[in-house]
């Protein structure tokens, strides 16, 4: 009550921001008359003028109003479109590094041109991030006319582009691309062997379109570059037979022994998307595995040597119980292709990790591809947090505003629409069974068809969309289906979806990127006609002219019928996804309507509210086919959705807390790698490493400040000769000297090592040897970093068990990960020094061949796969929504601020940098 009163008196934070923006809009409008009087050349030269003003000390905020006015005027001349005041407000929010929530049809693509142009004036580059290649290319081509008019270069970063083209795209003032490409480019840039191989040039400013989809929905699925690992094809085939021998338990056993409706060998936790063996299931699984030849008789499934086998068992169970064909994946041309849960699109070339994809391939009887080893990985959360300034646009962000602020420090600003929406959102209708629900859906579609109203039916899976299509076929109602199997016709189907009597069935993929225009999208339909090679030029012109003449009457007809009607056949776990479906209707003040038809069989209701609602229906003695339609029921469903959203937020936050540990180590490792790449000669670094390593070796046999009786000189001589390539006589020298202390022995060893090193340099030449040293260090760093990533992954999978010992798993993970990183640095130091000291050199050409060989080995990593990990395997013991596989690529390196020797180490150990990660340098 008090908060509400304060908001009434002083306005909400959103209201105050909009008030500030309106003041800037007045300034933008004030520039308009003078800019209108300029010719095209004079208007375009404003770009050079702005750059000079920035160089003279003015800030972007100082020139923002005039720059926005220039873009608005240029848009009028080039695009024949003038930015609305709402778009100016959205542009200001984006420039300030906030999320602008703007409804469907409000022109987010045009809005972005304002802050993109302004921030591109700095010359540091602006990244415009979209969800797929089609939108990236479309928006770049569409808006490049405006940017080119103003003297800005535009690049497009698409998958499968060659190296030179990518470099050119990143060198442009403005670069459009997908979140996947930007992320994978970052990782690839940190795997290069030469500075010239990098493509990115910095992470200054990014605007993320459909920011909720990228930073929320895909946040839990790390980007992974992986290479071939050990082949376990036969094992997958054997274990695929196991689930058919096991019975599913119905109900979870509680602490008091109740809860099990039907005993079985395993039970499925649908909330956490995990499968667990029961006590009887363990015994039965072991017996079956022995019969299958996968387990030795008498061995336990939990024996240390069978950890990998256990991993395969659970992967097979999850593949058979949780991952469904035509819902989570499709099988095409003998391949298992993942369906993106959030967009409904096929994820060509993307694979689930941790053996899950191979388990699904075994289940479907298709060829099993080899497993992969992680070479580099990062989450979207940590990638996008590296940008100097980050902003985003979407039509549905307010429900996730807390998470955006908590994780990314991004404030959400709700921009008022240019025209108030007239869409009517009707109460949900809930039925006892799916059959009754679909009967009601078909009846609603028939009613709309009879009055000429276009309908968009939203489904959550390919299977459901095809079921509705079959029901409509029986009623002889014409319709279009848009799902991952028909994605190639997406543009054509969406262009027609707003025409009278059109029935469009779509999975979530129809929800983003393209507006449904009432009466049909004339521009899109015209381009489709123009692309039809079967028509002559005269026929094309005639059809396009006819289309334009008919459009207004068709548009008016659709308006009179009530606009686009949205039918949702199921509630999604997230309210935001439901709002996206609703948002397809009522664009720019158009009329429209929406309604969700639900069933007690739906996963959301079954898991969170099914029993309670079923009891209500039975008490009310509701007849078959009669729905519940009440505000209190709709609110209870939204309450269940909020619970799921809260749980998923906790999981994403937990993932981030774990990944932050690896992220600190990743940044430090990449920083070290960059120093090596950027240094013309790392001789001083090698000398420091050599001294550190040999001092440590000597201290084992000749402890510091020890007595002569404690020395093992013979052992030191042997180890230096056998492992470090140094032949030295210490025992006779010590016996013949009057007095020798431990420091003199160390100095003698170091001096001999330096002489040996100098001799190799003299023989090969400084330039050749410097190249060899760089290759050795990069090879060791990259190979051991890959092993370290695997070690961190294994550590994370089991760390939750520390909770049973009353220890904080996250703190334990941080501590042990730091210890592993310390071991990594020591191994790298020893590896590098040993390689350089033991190399036998006969000529400079031999040394060059050795360098090329190591570089070739690393270059083989270019034959890699890009994937998202399955998030349910990312944090063992966690619960969460199912993740999707996704396509991605890498960006440039951010070296970050230089760390002083006495500053706290950025890896989080609490030690000084010089005593921790800085020890390597």
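Including glycine, each Cβ sits where the backbone N, Cα and C put it.
The candidate list 515, 530, 532, 537 contains one residue that Swiss-Prot assigns to the ATP site with 87, 105, 106, 107, 108, 109, namely 515. Among the residue ranges 495-514, 555-574, 575-594, the one that Swiss-Prot annotates as region 'Disordered' is 575-594.
When the binding-site residues 87, 109 are compared by the number of other CB atoms within 10 angstroms of each CB, 109 has the fewest.
Here the binding-site residues are 105, 107; the one with the fewest Cβ atoms within 10 Å of its Cβ is 107. Here the binding-site residues are 106, 515, and the one with the most other Cβ atoms within 10 Å of its Cβ is 106. Summary of the ATP site environment: with the site residues 87, 105, 106, 107, 108, 109, 515 set aside, the chain residues having Cβ atoms within 8 Å of the Cβ mean position are 102, 104, 110, 111. Note: residue 108 (ATP binding site) has non-local neighbours 90, 100, 102, 209, 393, 394, 395, i.e. same-chain residues 6+ apart with C-beta under 8 A of its own C-beta. Counting residue by residue with DSSP, the region 'Disordered' (575-594) contains 11 helix, 4 strand, 5 coil. In this record, ATP is bound by 87, 105, 106, 107, 108, 109, 515; the longest C-alpha to C-alpha distance in that set is 17 Å.
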